[in-house]
Amino acid sequence: MVDNNKTVDNNYKHTSVLLDEAVNGLNIRDNGIYIDGTFGRGGHSRLILSQLGPEGRLIAIDRDPQAIEAAKSITDPRFSIVHGPFSDLAHYVRELNLVGRINGVLLDLGVSSPQLDDPERGFSFMRDGPLDMRMDPTRGISAAEWLMKASADDIAWVLKTFGEERFAKRLAKAIVERNLTQPMTRTKELADLIANASPFREKHKHPATRSFQAIRIYINSELEEIERALDGALEVLAPEGRLSVISFHSLEDRIVKNFIRHHSRGPQVPAGLPLTEAQLRSMGGRTLKSVGKMMPPDAEVAENPRARSSVLRFAERIKE
């Protein structure tokens, strides 16, 4: 999610990645019911509302208290917002008795620009602030707390699995040794330690890039959240309802791609296995069809470099 805004007041300035493309892919119906699973600062929500008719409805979700505060500027009666993780979207829809009636779900994955740009959130190695990294600072433990209690093996696993960090063991050892003598509580402390412990620097990439991504993903259970959100979207979508998902790195995109691919196939039956038509029907069929994939145009990347790695994928719910 890259939704650039400088403040959390009424003076919003949006640079949502693939804004028009992501919303257009939902095929907005005048009287449709839509979910923006990642409100951020409302770039996608506002565009969806502008395309809905008087009977349309938009339900937004975000676990960041600052996003919930930002949503107060939208007074449109067709709009409502839920404070919570998007992984629980099916639960929210069940409570509203709208399962099977949702015409589109939009998910803009990852960390947002306001989160990255606010030093107090602790997401960025470029700005010194508390070593937090929680998308909802009221829940769970901070990055600093986790790094203090985690073993070198656990830290190395996180750096390797979620950051694809080639020097994971070396960096994990340095983190644990530092915390034994002088616990780290600031982002700059962690970024400097990683930079000093890294034996190799990639061109045009800070040595702490992969590690900060990995720790953030782990602290927020981001990949598990995505998997649950996709399952939830499939549960609540109406026939011909659309799923529109923007991802920002290969781990996210792999989950989305594999989910769409898996649900776009019918039951996998070994050749020659004797099954009746009734048995085949009982195994279920395809529930999604892939509608397409898009990358940001060069002009958008030039204007907003954070869009460079984004991938937008669409799928449509099939009638059962």
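In case you wondered, yes, glycine gets a Cβ from its N, Cα and C as well.
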Task = Can you match one of D30, D62, D128 to the S-adenosyl-L-methionine site that Swiss-Prot gives for G42, G43, H44, F86, D108, Q115?
result = D62
Ask   = Who sits close to H44 (S-adenosyl-L-methionine binding site): which same-chain residues at least 6 apart have their Cβ under 8 Å from its Cβ?
value = S16, L19, A22, V23, D36, T38, L106, D108
Query = Under a three-state reduction of DSSP output, how is D108 (S-adenosyl-L-methionine binding site) classified: helix, strand, or coil?
reply = strand
Message = Can you tell me whether DSSP puts G42 (S-adenosyl-L-methionine binding site) in helix, strand or coil?
response = coil
